[in-house]
Amino acid sequence: MEHLLSYIVFIPLVGAALVLLTPKAYEHLYRVLAISSTGLTLLLILFAVTSFNGALVPEISGEGNLQMMEKASWFSLKLGSLGALSVDYFLGVDGLNISMVLLAGIVLFIGAIACWNIKEKKKAYFSLYLLLCTSVLGCFVALDFFLFYLFFEFMLLPMYFLIGIWGGPRREYAAIKFFLYTLAGSILILIVMIGLYNSVYDPIKTAEMAGLSMAEYAISDIQSMVLEGQIDKTEVVKSFNMLHMADSANYIPGSLLDKSGLGTLFGQPIRWIAFLAILIGFAIKLPAFPFHTWLPDAHVEAPTPLSVVLAGILLKVGGYGLIRTAYAMFPDAAFHYAWLIGFIGMFSIIYGAMNALAQKDLKKLIAFSSVSHMGFVLLGLAAMTSEGVSGAIYQMFSHGLISSMLFLIAGVIYDRTHDRMIENYGGLAHQLPKYTVFVGIAFFASLGLPGFSGFIAELFVFLGAFKSASVIGAIPAWMAVVSTLGLVLAAGYYLWTFQKMFLGKFWVKEKKWVPALKDLTIHEYLMLVPLVILIIAFGVYPSLLLDLINSGVESFIDHLTASI
Amino acid sequence: MVGAAMQMADGLKEQLQSLTEGVAFLWPEITLVVGLLLVLLFDLIFQNKKEVGIAAISISVLSFLLVAQCLSFVPNLEAKDLFVGLITVSSGANLFKIGFTLTALFALIMAAQSKKYAQQYFSSSEWLVSLFGLLLGAFLMTASSNLLMIYVSIEVVSISSYLLTGLGKGLKKSEAALKYLLYGAAASAVMLYGMSWLYGLTGSLDINTDTFIVGMNAAQPFTLNIAIFMVLAGVLFKLGAFPLHIWSPDVYESAPMPTVTVFSIVPKLAAVFVLFRLISSTETTDFNWQQWLGILAIGGMTIGNFSALWQRNAKRMLAYSSIAHAAFMLSGVLLFNRAGIEVTVFYAFIYLIMNLAAFYLIQVFENATGSVNFDSFRGLGKTMPYTAILLLVVMISLTGLPPVAGFNAKLFLFSAVYEGYVSTGDQIILWVFIFGLLNTVVSLFYYIRIPYLLFFKTGDQIITKQEGFRWHMAWGTFLVLPLFLLFFRSDWFVDLLNSINFVF
């Protein structure tokens, strides 16, 4: 199907427009519109995933073997001595993002189902939700930095309003905190983006500008002509293309971020500083210690569907962004700072888990467990081995499913009693047996029990992290050793919580809650059952996902090692 | 003897010819003067029910001017010195004039829609005469290429501004007008004194002549620096830039909305143009423009943004925001290369549209609630949803987030600044780059406050929900649409800028 990715990205936007156009009298249709448009998107994504050829090895630093590519010139302009600047509408999938697109489809659809019970200001709610869907999906498939940044920034606004209007008691504080933190991060990314596009040229467009036919010259010919100065500087077309930015041959000789030109700033090579800026930008989104403090607030205040989307998919934008930009574009700096990233990852794992141990609010506990689990993503990336990176991607995918389920579970109990304090419940297993089963599955999946997707992910990350020292020497093995403590702590906080809330004699703090404590409704089954199936399926049959990402990851690792 | 007399006669003839030729280029200014006189005469001749007549005359004069300027706009006009070097006409100046006319025309529309003061604006000629005067001064500011001419035009703008601030009754107004007048008079005096130094140093008032430039280059650095600083004082005052910005919040707060709209756009952009002129003739001297303007830019954006955080009044907030935006424009000006000029002009025009829209929409809310204090915005997102969403878009654009043109303006500006750093290696430019982008985060905090109050809070005043179509929605959309359009197709405007022959 032509323009498949465009359909995937913009169908929710069309849904949002339909919601806006539907008069208030048909209010009940809004949620139907939301579910059907995200459902249609999910179907298209499934179609895209099935037609995705996992065997094709993408180039990472070029457009070779990119699948479902869509490219059209958006605008190009000349700015005095700045030279030409061209922005493309450029979408495509390869092994690095196909899994994220799939995850986004699943989580956004389930999130839309979770929105079923929204009571007030429905029109605004559903249009904002669908707007958010478009920007998240766009973020994962956009391969032009300008386009990527557009989608990346545009996630903030709907999220700000969704938390700020429909959230809990401290929603306004949480919303502005979320907004400011993420904006600060994206400004850092913007700084690097400006630096990158001023340093990178598009060889194909440059050839066009210089009047050379691509039929006669290969891209490498053009690159060497630019390097030797045979093509005039004014004819070099600067580019926002994220894939071109990954190829060090595409850097204008002598430009600030050029590898050979290594300018310095504060005594450090500028490339390294740029890497750190982009790392912090996405680490805020991920979130990693010490930039994680917005997350517990946002999660606690956000309504259930928003927590699902936030934990399930928005955090993954941070991880994906790191892979696609920071690592692919600055592999040398990534290698140099591998110890730092690995350390932050390790620290986040332990620190998040310890914080989770201390929480009294169920949602806060899950939020801190997210910080802990996203630490694995950093650790896996820092290892710079194919197991590590596969593990990182697998962890993002698996955490997307598991954390969605965890927040849905927290939402179930909150819907009934409007209280999430762990200490206020006891022995719920007697009153809510079916619910308890699902909670058990989610908790065990999250603490990394074999048979669930989280286990595979963490296993791969540890394998990669252990091997790293001998294969590539990015991070020392003790980081992996220390990180395994995180598993023990995770088992601790989950089992404790499970014991306190579900085992023992049935007891709740307020008597009036008892009649409200009914077991799962059909609507809740509809969300939880598919997630359980997926978590187990990806736990026992990992090649479902690995087949999609393997060749991409291999090529990514080759790209990294070749540029160190 | 006869030959010399003949020669003199020839010289005179030439000068006369250049005068008569020059008049033809001044048709926009002449139109303004004619309009001004018409309004004045109409006010004198008729006694009752003058509002409609005065409004009709002023709006039609400005509309005619706008259309005629657009139609006669030629992008690659050769710069032409007129009136023995007093005035230089150029395409860049013409572009700015179009922007000024548009702003003034919109201020008239706002005045007509103002609930509080609609009668006051048009019932007598004072407001319009002052407005036309301000516009005339701004036109001349963009055209002046002679120190005296620059001084006179800035004074025309200033005196009109004092009048506009002080019009009508009220203690606060008088206070603001007096403050403005005192500050302004001091700034002008310092500028004039500085100009006299420049004249002393060079022996020429015409800043485009070789004598001036040679004289400047030969001048003793210390004296030269002091002289240029003094001249800068007047320009920065008009620009409302740090550190001569202190007057603006008070003036903005007490002047009526249409007046503030004009204040926040016309004198500022005209001052940017004058700065370009000054830099182009003193570029080669010892005065370190990049360093000083860089410091002013960093100071302005930081002070402006952090002061704006504490405001509880929409007009004061926008006053501080305009101080910050002036600093952003300065960071484009200081590059003074082709890219720097283009991005500054791009930024200036996006700023023009954003400010028009912001003030217009805030006036719509003022009409509904009678106040521009933040508290009065509470919960209006429910009662006036469409207008509230428009205002949200404008605030997002002022912050500089996609998908609105404010983002492109910032992106292009900072790209040029970055490139300026790369090509010169000047540390101050790097700091401008870093401070500018970090300030964007700060600015979000106050720009988002109005949408926050509109949508997150519930108000105590009871305002009936506005259903259906209102005219202000159409005007608001008309102003906000270009912001989207110029985000998605910023190349349209940049292509136009590319074709313009910027000569100063």
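Keep in mind that glycine also has a Cβ here, set from the backbone N, Cα and C atoms.
TrEMBL lists B:53-74 (among others) with the feature transmembrane segment. Remote same-chain partners of the transmembrane segment (B:53-74), defined as residues 6 or more beyond its termini with a Cβ less than 8 Å from a stretch Cβ, comprise 27-28, 31-32, 34-35, 38-39, 42-43, 46, 91, 94-95, 97-98, 101-102, 104-105, 108-109, 112, 122-125, 128, 131-132.
What TrEMBL lists as transmembrane segment is B:94-112 (among others). Below 8 angstroms of C-beta separation, residues 28, 55, 58-59, 62-63, 65-66, 69-70, 73-74, 77, 118, 121-122, 127, 131-132, 135, 138-139, 142, 256-259, 261-262, 265-266, 269-270, 273, 345, 348-349, 352, 356, 359-360, 363, 475, 500 of the same chain, each at least six residues beyond the ends of the transmembrane segment (B:94-112), sit close to that stretch.
According to TrEMBL, the feature transmembrane segment maps to B:124-142 (among others).
As annotated by TrEMBL, domain 'NADH:quinone oxidoreductase/Mrp antiporter transmembrane' applies to B:144-423.
Counting only same-chain residues 6+ beyond the ends of the transmembrane segment (B:148-168), those with a CB under 8 A from a CB of the stretch are 86-87, 117, 120, 126-127, 130-131, 133-134, 136-138, 140-141, 174, 176-178, 180-181, 184, 188, 191-192, 195, 205, 234-235, 238, 251, 254-256, 259, 262-263, 266-267, 270, 274, 277. What TrEMBL lists as transmembrane segment is B:148-168 (among others).
The annotation transmembrane segment is assigned in TrEMBL to B:180-202 (among others).
The annotation transmembrane segment is assigned in TrEMBL to B:222-247 (among others). Long-range contacts of the transmembrane segment (B:222-247) within the same chain: residues 141, 147, 151, 154, 157-158, 179-180, 183-184, 187-188, 190-195, 197-198, 201, 216, 264, 267-268, 270-272, 274-275, 278, 282, 285-287, 292, 296, 299-300, 303-304, 322-323, 326-327, 329-330, each at least 6 residues beyond the stretch ends and with a Cβ under 8 Å from a Cβ of the stretch.
Positions annotated as transmembrane segment by TrEMBL: B:291-310 (among others). Within its own chain, the transmembrane segment (B:291-310) is flanked in space by residues 229, 232, 236, 241-243, 245, 249, 317, 320-328, 330-331, 333-334, 426, 428-429, 431-432, 435-436, 439, 442-443, 445-446, which lie at least six positions past its ends and keep a Cβ under 8 Å from the stretch.
According to TrEMBL, the transmembrane segment annotation covers B:317-339 (among others).
The transmembrane segment annotation in TrEMBL covers B:345-365 (among others). Long-range contacts of the transmembrane segment (B:345-365) within its own chain (CB-CB distance under 8 A, at least 6 residues past either end) are made by residues 92, 95-96, 99, 102-103, 106, 110, 113-114, 257-258, 260-261, 264-265, 269, 272, 314-315, 318, 322, 325, 328-329, 332, 372, 376-377, 380, 384, 387, 390-391, 394-395, 397-398, 405-406, 408-410, 412-413, 472, 475-476, 479-480, 482-483, 486, 490, 493-494, 497, 502.
Beyond its flanks by at least six residues, the transmembrane segment (B:386-408) meets 321, 325, 346, 350, 353-354, 357-358, 361-362, 364-365, 380, 440, 443-444, 447-448, 450-451, 454-455, 466, 472-473, 476-477, 480, 482-488, 490 of its own chain at Cβ-Cβ distances under 8 Å. Under the heading transmembrane segment, TrEMBL lists B:386-408 (among others).
Counting residues 6+ beyond its ends, the transmembrane segment (B:428-448) has Cβ neighbours under 8 Å at 290-291, 294-295, 297-298, 301-302, 305-306, 308-309, 311, 317, 321, 324, 328, 331, 334-335, 395-396, 398-401, 410, 413-414, 417-418, 420-421 in the same chain. Taken from TrEMBL, the feature transmembrane segment applies to B:428-448 (among others).
Marked as transmembrane segment by TrEMBL: B:469-488 (among others).
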